[in-house]
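According to TrEMBL, the features are:
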BINDING   C12, C15, C34  Zn(2+) 1 binding site
BINDING   C89, C92, C117, C120  Zn(2+) 2 binding site
DOMAIN    85-125  domain 'TFIIS-type'
Amino acid sequence: MAYCYNRDFMFCDVCGSQLLLNSPKYATCPNSLCNFKKSSKHIKRGEIHYTITAEDIRRELKIDPFVQLTTVAMGAEQPQQKKVTDTPCPMCRHPKLEYYSRQMRSADEGETVFYECPNCHHKFTENN
C-alpha cells in the first residue's frame with residue numbers, strides 16, 4: 001500500500017484496530033476475527049509523533065501536582081457576620097433588615113450591599 005508515510009501505517013487494513021508489534025518481522029491485529037498481519041518493512045519508515053506533558057506523567061503515575069489548586073465557589077467563603085439596619089423590608093415591612101457588604105466590582109467603584117429580611121427571607125442588593 002502507498003500509505004506508509006501516512007498516519008494509518010500502524011492500523012489494520014481490514015478492521016482499523018491498532019496493530020501490535022509482537023514480532024520484529026510483522027505487526028498483528030489484536031482482533032481475532034481478522035488475523036491481519038503487516039510486514040515490518042511497511043512499518044519501518046513510518047514515524048509517530050506525540051506530545052506528553054508533565055501533567056500527563058503525574059496523572060499516569062498518580063503523583064500529586066506540584067501546586068495544589070483550591071477553588072472556592074462564590075458564596076462558599078467564610079460566612080459573613082451580618083449587621084442589622086433599621087430599614088424596613090420592602091416585601092413584608094418588617095422593621096429591620098440584616099446586611100453585609102462585599103467589593104464585587106473594581107476598586108474605584110463602591111461596594112455591593114446584600115440585604116436579607118429575617119422575617120420573610122427576601123433578598124436584594126444595592127450598589128453603593
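Cβ atoms are placed via backbone N, Cα and C, with glycine included.
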Note to self: Looking at the binding-site residues listed here (C12, C15, C34), whose Cα lies nearest to that of C120 (Zn(2+) 2 binding site)?
What the structure shows: C15
Notebook entry, point to check: In angstrom units, rounded to an integer, how far apart are the Cα atoms of C34 (Zn(2+) 1 binding site) and C117 (Zn(2+) 2 binding site)?
Noted result: 72
Next item on the list: Count the Cβ atoms, other than its own, that fall within 10 Å of the Cβ of C12 (Zn(2+) 1 binding site), considering every protein chain shown.
Entry: 21
Checklist line | Cα distance (Å, whole number) from C12 (Zn(2+) 1 binding site) to C92 (Zn(2+) 2 binding site) | finding: 74
Check: Which site among C15, C34, C92, C120 has the most other CB atoms no more than 10 Å from its CB, taking these as binding-site residues?
Finding: C34
